[in-house]
Every structure is written in structure tokens, then in C-alpha cells.
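J.: Structure incoming, see below.
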Amino acid sequence: MMTLISIVALAAIGGLLGGLLGWASKALKVEGDPRVDELEGMLPGGQCGQCGEPGCRQAAEAMVAGKLGPDCCPPGGRSLAQSISSLLGVALTEGGEDIPVVARIDESLCSGCTRCFKACPFDAIVGANRQMHTVIRHVCTGCRLCEKACPQGCLSMDPVAPELHTWQWPKPKVA
Amino acid sequence: MVQFTPVAGPHTHGGTSTTDLMYLVIAALLPASLFGVYLFGINALIVLLTCCCGAMVFEYLGLKLLGRSSHSAMDGSALLTGLLLGLSLPPSTPWWIALSGVFFAIIVGKTVFGGLGQNPFNPAMLGRVMLLICFPVELTNWQQPTPPTMTDGGLAMNNHWLNINIDGISAATPLSQLAGDVSQSLPSFTELSLGQHAGSLGETSALLILLGGLFLLWRGIIHWRIPVALLLGLAIPAAISHLIAPESFGSATSHVLSGGAMLAAFFIATDMVTSPTSAKGQLLFGAGCGLLIWLIRSFGSYPEGVAFAVLIMNATTPVIDHYLRPTVFGQAKRFPL
Amino acid sequence: MLALKRKPFHGGIHPTGHKELTANEATINSDEPQRVYLSLQQRNGVVLRSHVNVGDTIVKGQLIATGPNDMCVPLHAPINGVVDAIGPHVSAHPSGLKVNTLVIRGNGDPNWGIPHVPCDTSKLSPEEIIQRVLDAGIVGLGGAGFPSGMKLRFARQKQVHTLLLNGGECEPYLTCDDRLMRERAAEVAAGAALMVRAIGCSQGIIAIEDNKPASIDAMRSAISDRPQLSVQVVPSLYPMGSERHLIKAVTNQTVAPGQLSTEIGILVHNVATAQAVYEAVRYQRPLIRRIMTVSGGALEQPANINVAMGTLVSDVIAKCGGLKMEAGRLIAGGPMMGQVLPSPFVPIDKSIGGILALSKDEIRAEQSHDCVRCGRCVNACPMSLMPFQMAAHSRISDLDGARHFGLDHCLLCGACSYVCPSRIPLVQYFQHARSSLNAARTMERKSAQARQLTEARQARLHREAEAKKAAKAAKAARKPRKRTARTSTRTQRNTSNNTSSS
């Protein structure tokens, strides 16, 4: 008798909880992952494609799905990688970091074709038809889209040199 | 070679090192240790030496296991753990029990957490509690002190002292008397402070331990907060309960002077790694230890509660350190006291 | 047990003073240097514009460069001579980065090129006094390097009631403020009185640590005929020279974290700044020289020396007899908060109060060990922070964790590292975490800007496409009916282009 009651009781509890879970999964369903929208808002939005995805939205989806690491976005740099890793709760690997770069136009080679500034998603290049172009260094994110667009090959990426107020103290060496 | 690479200040140092701190604490414990050997004889010395040497060897092995520089085995921290464990054991403990205790203390209490500075629990107390649970008989076999006496023919050492007769004269400790029938005659105040009673190796002479503790306070190795809070946390409930029911509770003096209370106040609870760092946290930690010691002694099934009390408070240290942070200079006090 | 003694604030340490090396020697006046190197970039990154060119002959005291606003002080020629070069030269910053530097070759003439006649300072209005301080290029000589004139103007707006002159000089080795107060007490007092008038406050207090009895006596007699000034003795305890801690010691008031001292009506200036203010207001002389302590165990003749701005550290050391043994480090400032010099050929600037050539025995650099949580740093921290926790979080680049334990409030005073028995380079962890935080903030600002720019660009492209479409539609409406089909396909393609790019 006792065995029967136990079996029935356990089955009832199991059924009840299962039903509750089934109801909850339907009633409390979230369309898409809200983190994708949040992530997309954090990304630079240049659609530069350096992460290997066609655009920032797709990159955000891939990161949420775990297909891309939080440090996949070179224009966002280290700080973006850190905020993404804390949002997604993914560990950030040390050292896999790109040196920040900015574009530089070799002005003796520039033909003024305007292709680079059409390619720039951030409007960081100014110039006009058959006029020499130049890069606004503090706006450039180093996304390298202009480098591919230039037919003259006069665009190069320079590492950002530290200045007095941007120089960083090295981390002490651990004993 | 002048160093021109960026290195942050200060470009000078007070000169104190961790090794200095550890050896000063060991030095402060020496009088009480030597007195313990004087009281209880050769076997006490064997226990102490087993613990100290064993601690160093296990620390060395542990550091090898962690892949660290084995020089740190000489920094005194392992030696101190071994000494504290040895002092908290009964003098008649067999050497192999002491050795297994020190193995547990160093390897399980320290190495598995990542070595010096990472262990949440006081390793010596962890070893003591393990032994108490695994070897309850050996760990509660207390001997009457049998110090050598001066006679006309020179120093006379009896057989117990020389460890010839292993079965020493078993005797009740003041604490087991406290836990049992308080009306029995307890050792006098002088006997308690000088250590003329049965008990653990180094827990007997409250006076010598107090002197060692005062030395540490004077040298600035420990702060007064934990010892004072611990002794008050023990003495105040003891005094109140003794006032209400003198027949079932021991007096404040007997609580403070007997067992490991003094040793805990100055040497065990003040262990740097496992105690809180903020002023408020240290006061709370000390008071909590004292109160728990009194509770375990008065209501628990063990006559002595120092090791349990310290371990329980060790577990609260991270929480205390998190919530009782010092108020930042200039900020309004969070808890106006 | 010593901790039971009454202290004006929590924490603090008593480092070995080493002040006896220089405290009893009179200040030496150094000759005109053969060359001076004047940095055209300030520490905060602001670039000054030079008014002179290579080859120009310039005279001592002449204005040679200015900045874009009042937050950077003008630069004056410290010697007579010719502009030799303008180009990159290594600066006194620990990074050793090169900044644009103006080099003047001196002709050895010590006279001022412009006559500086004394004026009756009692006829000057407060605003005139402030303007003269600004024009003289005076910055805080205690080390912060903030323009003093701006501080005075700000304090006047905030209706500050007390001027506090910092004669604490709590850093070991440094004695230049001590010597200044002994040798030029009257000028310091006069400068203090001028600053009190400029701010419009009621009193000026000169706070001096109790280990400088000669300075206390000298200042007491110098202010005897100035009722608005007083001298207050404070206990010697590092970091007494910190603004907040000095205020606490003198007035028992505390400044809340994140607030400025002017919020509670107190302005703090260094005593050396007061002396410079006197010279600037009375003679309209720009700040082109300062007294600094040149000391350390590796130095032949430690001394206080009055040097021209822009003199190379190597020249200053040579003036003090050179090194008698190999130095471990060259330090600009005191041993606690000073910065390591990247080269002996860096020029001194206005905020450097000392050059130390420390021997290895004095530095006591040792291998660091694991933290044992001894809590000595917590007891030593004058800001009541938990340095070991901050360092532990900084070590694993958990900057938020480090901030949680008070990274933003840290003075970088080094008291924690000084007492740490495990020799953990706590301050460098904090410096590293601070600069990483700064970089992260800059990056965040930049990516926000980038996002804004892309959005603006897309809106613009969209607008342009719309305009094109509208123009085409208008054109098509005017054209004969047969071409409509083609136009419409083109418009369609345009629209599809738009959607794919947005």
C-alpha cells in the first residue's frame, strides 16, 4: 500500500512540475536573445567585417551563440572586449590583443579617387575629387576598410604611438 | 647600473619582510615551548620536533608540487604552523600521530589552496581538529606535569620526564574539570598562570604566552584588536554566567587562563592569512572567537573549543572583510558608532 | 602600541627622513646653464605654441610660448641666449617619451632682459594680482603642477575663507621648502598676504611639520606684523603634505571623496608657490627658477640648489659634485611619490621639487612574494582603503573590482608599498589599473563617437539617395512617357542598394 502511495505521489509531483515547466517555457518565452540587441548597441557599427561576419548585427548574434570570442572586434579594442566578456560571462583570453592602429595616407601617392572615403564607415577620411585625402586620426578606428578600397596602395596602417597622457604603466612582473 | 625603466614608487622601503615577521612570532613562542618541554619531558620535545621538522619537509614537498621556488619553505610560515600545532597537542601524543597531523595541516590546510596566503583556515588548527576527530583517545590523554626537581644530589629527573614509562599519570585538565563538576577544586590563579597543571604542551603557562604576545604587540607584529576582543569576548560572558550560576559556570579568570585561550588570543587568531584586515573586522573576529570558545566550553561536548572557534571564525573572514571595510577618509561613516 | 598615540588621521607612516643630508646647508645659487630644454607639451597633453623660431635671440624673462587657454601656463625664457633647436627631446615623464622641446643656448649673462621694477602691491586689485600670477606662469610648486592663478580665481569665485599654506614637506630627503622658509620667510609671508588678498579670504594659516623647528621660528617672526596670517605646527607623519590630510590635521575638517577643498572654504597652496607669487606680483618676474633638493646616498655633495627651469638633470648633478657611487635609480621628487627618471639628460620642470640619486641600499628593491594578508597596508593607508584587495583585483585586470575597493580614492602615496613585508609593488598595480581605466574610458568615448558617425553617415546616405530619387522622379515626369520604364528600374535598384547598405 505504502509503495503504491509513494509511486502515485511521485508521479503526481513529477507530472505537476513537468506541466508547470512546460507552461512556463511557453508563457515566459523571450523572442530572440535580448543580449543580441544589447551587444549590437555596444559594437562600433562600422560593418567593417574584420570579425569575419558580414555585419555588426551578425557578429553580435555569433557572439551570443558562442561562435565568436568577445575579442573579435579590432575597432572596439580591449575595452569593448572586456565589457562584452562581462556581459556574456565569457572569459577573456590574455594576450590575443591587436595593437591599435590608425590609417595613414601617403599623400605623394594619393590620386584623389575618393574611393577610400566612400569606403570609410566612420567618415574619418576627408577629401574631394582629385584632391588629396587625409585621415582624421582621432576619429579613425583602424577598421582597415579603406586599405582594401585604395587602388594606389597609398593607405597604410600605423600603430598608435603612446603620448604622455595616453601612456600606460606596465603591469608589475609577478614573482 | 642605473635603472631607467619605468618602475613606480616608493623608491624606498621600511625593511620588514614576511620572513622577519614569521621568525619573530616563532621567537615569541619559544619561552612557552621550552617551558612546556621542562614540564612534560622528552616526549614533549619529540612532539615539537616532529611537528616543526615535518612541517618544513611537507612545505618543501608542497611547493615542489605547486611548481614554486622551494626557497619559500624556509620563510618560517611552515615552521610556525608546525610549532603551533605541536604546542596545541597533549605532550604524550605519539610521534606518528603528530606527523600525520602536520601532514594534514600543511598539505590539506595550505598547499591544496595554493600555498602561503591562500588558505582560508588556520592550518595548525585544521590539523589539530583532524587529529582530535581521528584519534580522540590519544588527543585527550592529559598528563600531570612532572618537571625535574632540584635535590641535594643535583637535578633529579623522574621516569615520566625521561619518557621511560610511557603511561604517565593521567590527570584532568582544568577545562575538563570546568566542563564536569565546577565544585571540584580548580587549580589556583598562580598555578594557572604558571602552568602547573595538566594540559596541552604549550597551553599551560598563560604568563609566558602573555609575555610572548606582549613582545609581538611591542614590535608591532600583531595589533591589539584581535587579542583584546577575543579575551573580552571570552571573559565577559564567563563573568556574567559565573555571577548568575557559580556552581555550573567557571569564572572569567579560569576561562582566560586555562586551555588554549591565551595561545589563541595572541598567536592563533592573529594569524595574518586567516584573520580580517580592517579594524572593525578584527574586533568582530576576535570577539566572535572569544564568544564561541566560551559557548563550546560551557555547552559543547568538547571541554576545549579554541580550535573549533578559530576555524568557524576563519570561515567568516571573507564575509567580514567584505562588509566591514574601513570607511574611506572623508566619507560619512556608514555605521555611526 | 605606537598606534595608540593620537594621530590627526588614520594610517600614515614614519619613513626614515634622511633630511639631515641637506637641511643645514644654505641654498646654492647655480650659474646660468649653457643650455636649457623647455618642453612645449604639458603633462596633460596640451601643446604650447612657440612664439620664437630657431636662430632668434631671446632675453631672460621673455615670453616664448603660450597655450590655447588659461589651463596651461605661459612659458618664459629662463636665460639669455639664442634658440638652438625645436624638436623632440626626452621628457622627465617615466615613460621616456620624447616631446617637442625648445632648446636655448645661453650666453652666460645672468641679467634680466626686461627690467623688473618693484611696484606698490597695496594698490593692486585682487583681479590684477591673479592676472599677474597667471602671466608669470606659476604652477603649484609642490608637485601637482596646476596653474596657481586659476586656483586663486576659482577660490575667489567660491568665496573661500581660509588659505592654507603647505609647509609640511613630508617626503623624506626633501628640504627645499624648509630651507626656503628659513632663508626667505619674509617673502613667503608677503606672498601669503598677497594670496589672502587675491582670494578675499579672512585668514592664512601656514602649516609646518614639527620636525622643522627653525622654519617654525623663522615664519613666526616673519608674520608677527601680519594679523591675518598664523603658523600652525602639525605632527610629522607621512603623507601630511596631502591636501586632504593637511586640512584634517589643521582644521579637523574632512573633504568628502570626489570634492574639492574649496567646497568647505579652504584653499591649499605650497609655501614655495607663495614665494613665487610674491616675486610675480611685486616685480612682475615670471617663474623661471626654483629651489630644489638634490640629494641621495649616491650623490657627492647633497644640497639645495636654485636652478633655472630646463636645466638638464645631469648638469644639476654635476653641480652637486657628481655621483660618488653607482646610483640605483634617479628620482624626480621624493622617494615616496617621486617618479623614476628615464635618462639623466631630461630637463627639470616647474613641478620637480627634488632630484634624488638613490643608492641600491636606500632603494632596498627586492623580489616580491605572495600576499599574506597581514593587513599592514590597510593600517598604513591614509585614505582607509584596502590596498591588498585593490592590487589583487588589478593583478587579474578586474578594474571594476579594484574600483570597488577604492582605486579612485587612492592618492598613490606609497605608504602601503613602504610597509608591505611581501614587497608587493602595490603602487605600480594601482598606476597600471588607473592608466588602463583611462585608456578604457578613452576607447569607450571613441567607439561612442564612431557609432554616432556611422549613424550620421547612414542617415546622410539615405537622404542623398532620397534626394536623387526625388530628382529622378521629377526628371521622369518632365520626360516623354517612353523612358519611364527604364527610370523606374533604376530607382528600384537604388532603393535596394539603400536597404543593403543600411
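Glycine too: its Cβ is placed from the backbone N, Cα and C atoms.
Annotations in TrEMBL come from automatic prediction, not curation.
Computed from a predicted structure; not experimentally measured.
Summarising the annotation, TrEMBL assigns transmembrane segment to B:21-40, B:46-66, B:95-113, B:125-142, B:198-217, B:224-245, B:251-269, B:281-300, B:306-324. As annotated by TrEMBL, FMN phosphoryl threonine applies to B:THR173.
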J.: With a Cβ cut-off under 8 Å, give me the same-chain residues at least six positions beyond the ends of the transmembrane segment (B:306-324) that come close to it.
T.: 88, 120-122, 125-126, 128-129, 132, 259-261, 263-264, 268-269, 274-278, 280-281, 284-285, 288-290, 292-293, 296, 300
J.: Please classify the secondary structure at the residue listed as 'FMN phosphoryl threonine' using three-state DSSP.
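T.: Going by the DSSP assignment, the residue listed as 'FMN phosphoryl threonine' belongs to neither helix nor strand, so it counts as coil.
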J.: What stretch of B:21-40, B:125-142, B:224-245, B:251-269 shows the most Cβ pairs under 8 Å to the transmembrane segment (B:281-300)?
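T.: Ranking B:21-40, B:125-142, B:224-245, B:251-269 by Cβ pairs under 8 Å to the transmembrane segment (B:281-300) puts B:224-245 first.
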J.: Counting only residues 6+ away from its ends, which parts of the chain sit with a Cβ under 8 Å from the transmembrane segment (B:224-245)?
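T.: For the transmembrane segment (B:224-245), the list is 213, 217, 251-252, 254-256, 261, 264-266, 269-270, 275, 279, 282-291, 293-295, 298.
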J.: Are there residues of the same chain, six or more positions away from B:THR173 (FMN phosphoryl threonine), whose CB falls under 8 angstroms from its CB, and which are they?
T.: B:TRP142, B:HIS197, B:ALA198, B:GLY199, B:SER258, B:GLY259, B:PRO303, B:GLU304
